[in-house]
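Participant: This is the feature table in Swiss-Prot:
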type: ACT_SITE; residues: ASP250; note: active site, proton donor
type: ACT_SITE; residues: HIS273; note: active site
type: DISULFID; residues: CYS252-CYS269; note: disulfide bond
type: DISULFID; residues: CYS397-CYS403; note: disulfide bond
type: DISULFID; residues: CYS424-CYS436; note: disulfide bond
type: CARBOHYD; residues: ASN53; note: N-linked glycosylation site
type: CARBOHYD; residues: ASN118; note: N-linked glycosylation site
type: CARBOHYD; residues: ASN134; note: N-linked glycosylation site
type: CARBOHYD; residues: ASN204; note: N-linked glycosylation site
type: CARBOHYD; residues: ASN258; note: N-linked glycosylation site
type: CARBOHYD; residues: ASN270; note: N-linked glycosylation site
type: CARBOHYD; residues: ASN297; note: N-linked glycosylation site
type: CARBOHYD; residues: ASN302; note: N-linked glycosylation site
type: CARBOHYD; residues: ASN334; note: N-linked glycosylation site
type: CARBOHYD; residues: ASN359; note: N-linked glycosylation site
type: CARBOHYD; residues: ASN369; note: N-linked glycosylation site
type: CARBOHYD; residues: ASN435; note: N-linked glycosylation site
type: REPEAT; residues: 259-279; note: repeat 'PbH1 2'
type: REPEAT; residues: 290-311; note: repeat 'PbH1 3'
type: REPEAT; residues: 332-353; note: repeat 'PbH1 4'
type: REPEAT; residues: 403-434; note: repeat 'PbH1 6'
type: SIGNAL; residues: 1-17; note: signal peptide
Amino acid sequence: MRVTDIISCALLQASIALSTPVEELGAKAVVAKRFPPVPFLPGKASSVPGSRNKTCMLKALGGGKDDSANILSAVKQCNNGGHVVFPKGQQFTIGTALDLTFLNGIDLDIQGTIQFTNDTDYWQANSFKQVFQNATTFFQLGGKDINVYGGGTLDGNGQAWYDLYAKDIYILRPILFGLIGAKNAKISDLKFRYSPQWYTLVANSSQVVFSNIDIFGDSKSKNPAKNTDGWDTYRSDNIIIQNSNINNGDDCVSFKPNSTNILVQNLVCNGSHGISVGSLGQYPGEVDIVENILVRNISMSNASDGARIKVWPGASSALSGDLQGGGGSGAVRNVTYDGMIVKNVDYAIEITQCYGQKNLTLCNQFPSNLTISDITIKNFKGTTSKKYDPRVGYVVCSSPKVCSDISIENIDVKSPSGTNLFTCANAEGIQSQVNCTVEGDKGGHS
């Protein structure tokens, strides 16, 4: 079944009964938002959340004092059917790594601001180590039947990290929001600000919805905020990311290894590296699968890419000291990008099996062990930047044996000079679909 087949997914929210007198504390608990049924999702419907029958109202200590212990206590008290409120107008400080992977039937109603401390030494030593690309997280949130919402802000206090990374690219920079081992979780109506690295990691999770998330964070110094992906999914299934605004400096969304049955829709992305499959095939001996992905109705501005698939070649290569790899195996299959408006992007479409390898002759000698097949990219409109003018796209496979059934249709994208050329190689049938030029020397950027 193709990913574009409509499969209804009823996303029902809990009705919450509040039992504590929260009004006397000068704050108000808010019931979790309801989501309408969502078409297009190629996965299973979410299960019905349970009821909520108790409320824990937090009060910030203030003055930069660590609220972590009080937060942990409230979460434990209101777990299994409760509602934790971070009141509006209060700023909570987290200076201690929190393991919240025990959650069950709980609403985290973040109306105020949660800010993580900028103690880079502490966080490098104590943040939670994840298993992919040296990823770490400030906290781990997991379990089942979880709602996180409220209109508030999570602030990663990233400036100290941007400046430190400029001096040492091997530091471990925490991810702002770590959803680890979650099932039936809904995260909505929140602002994510100034993450040290990726904004969101969704790992080993299923039946998850992100909706109405506003992401923003830039650097106030000469040192840019790098690797600030909006979302990265990893070993996760049945995920929705929708109705959000993202201003960042790396992938708007990235499907990392073993991401399946994912719907991404109605996003406005600015300053990113596109909506990306990968990178994949980075680690020898690992099998990476990304399949059944639908990306639809996207606005992409001032970005390196619109739609992007990036796969490492069969031999080791390096983009930088902290990003190198190649030789892994697996497959990318049944991926559809349908509907994207692009403005000032370097490439509207980029598919490469030579990621990290600028010498394409060497890449062709050691083709990727990871296959790309059944890819549909259609209904794109807009303009590219001057960077690769006169080209607007790049489709370069390492061998026709590992790259097949790529369909590109209804692409109305022009370069500044008015052309619509693609660099093409080793992709059977692509010459009849787009205006191909000779093979270039680009092996993929970070």
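The backbone N, Cα and C atoms fix where each Cβ goes, glycine too.
The structure displayed is predicted, hence computed values, not measured ones.
Set these features in their place in the structure for me.
Facilitator: The Cβ of ASP250 (active site, proton donor) has 23 neighbouring Cβ atoms from other residues within 10 Å, across all protein chains displayed. Under the three-state DSSP scheme, ASP250 (active site, proton donor) falls in the coil class.
Residue density at HIS273 (active site): 25 other Cβ atoms are found within 10 A of its Cβ, drawing on all protein chains shown.
The number of other Cβ atoms within 10 Å of the Cβ belonging to CYS252 (disulfide bond), over all protein chains shown, comes to 31.
Sequence-distant contacts (6 or more apart, same chain, Cβ under 8 Å) of CYS397 (disulfide bond) comprise ILE351, THR352, GLN353, PRO367, SER368, ILE372, CYS403, ALA425, ASN426, ALA427.
When secondary structure is read from DSSP and collapsed to three states, CYS424 (disulfide bond) falls in the strand class. Within 10 Å of the C-beta atom of CYS424 (disulfide bond) sit 22 other C-beta atoms, taking all shown protein chains into account.
ASN53 (N-linked glycosylation site): 15 other CB atoms within 10 A of its CB, across all protein chains.
The Cβ of ASN118 (N-linked glycosylation site) has 17 other Cβ atoms within 10 Å, all protein chains considered.
According to DSSP, ASN134 (N-linked glycosylation site) sits in a coil region rather than a helix or strand.
Note on ASN204 (N-linked glycosylation site): other Cβ atoms within 10 Å of its Cβ, all shown chains, come to 18.
Same-chain residues at least 6 positions away in sequence with a Cβ under 8 Å from that of ASN258 (N-linked glycosylation site) are, in sequence order, TYR234, ARG235, SER236, ASP288, ILE289, VAL290.
Annotation for ASN270 (N-linked glycosylation site): same-chain Cβ neighbours under 8 Å, separated by at least 6 residues, are ILE246, ASN247, ASN248, SER301, ASN302, ALA303.
Following the DSSP three-state reduction, the secondary structure of ASN297 (N-linked glycosylation site) is strand.
Counting every protein chain shown, the Cβ of ASN334 (N-linked glycosylation site) has 22 other Cβ atoms within 10 Å.
In sequence order, GLY281, GLY314, GLY327, GLY328, SER329, GLY330, VAL402 are the residues of the chain that are 6 or more apart from ASN369 (N-linked glycosylation site) and have a CB within less than 8 Å of its CB.
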Participant: Find the shortest Cα-Cα separation between ASN359 (N-linked glycosylation site) and the recorded positions ASN53, ASN334, CYS424, CYS436, and name the residue that gives it.
Facilitator: CYS424
Participant: Work out, from DSSP, the number of helix, strand and coil residues along the repeat 'PbH1 6' (403-434).
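Facilitator: Computed counts for the repeat 'PbH1 6' (403-434) are 3 helix, 17 strand, 12 coil.
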Participant: Using CYS269 (disulfide bond) as the reference point, find which of the recorded positions ASN53, ASN204, ASP250, ASN334, ASN435 has the shortest Cα-to-Cα distance to it.
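Facilitator: Going through ASN53, ASN204, ASP250, ASN334, ASN435 one by one, the closest to CYS269 (disulfide bond) is ASP250.
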Participant: Hey, how far is ASN204 (N-linked glycosylation site) from CYS424 (disulfide bond), Cα to Cα, in Å?
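Facilitator: With distance taken Cα to Cα, CYS424 (disulfide bond) is 36 Å from ASN204 (N-linked glycosylation site).
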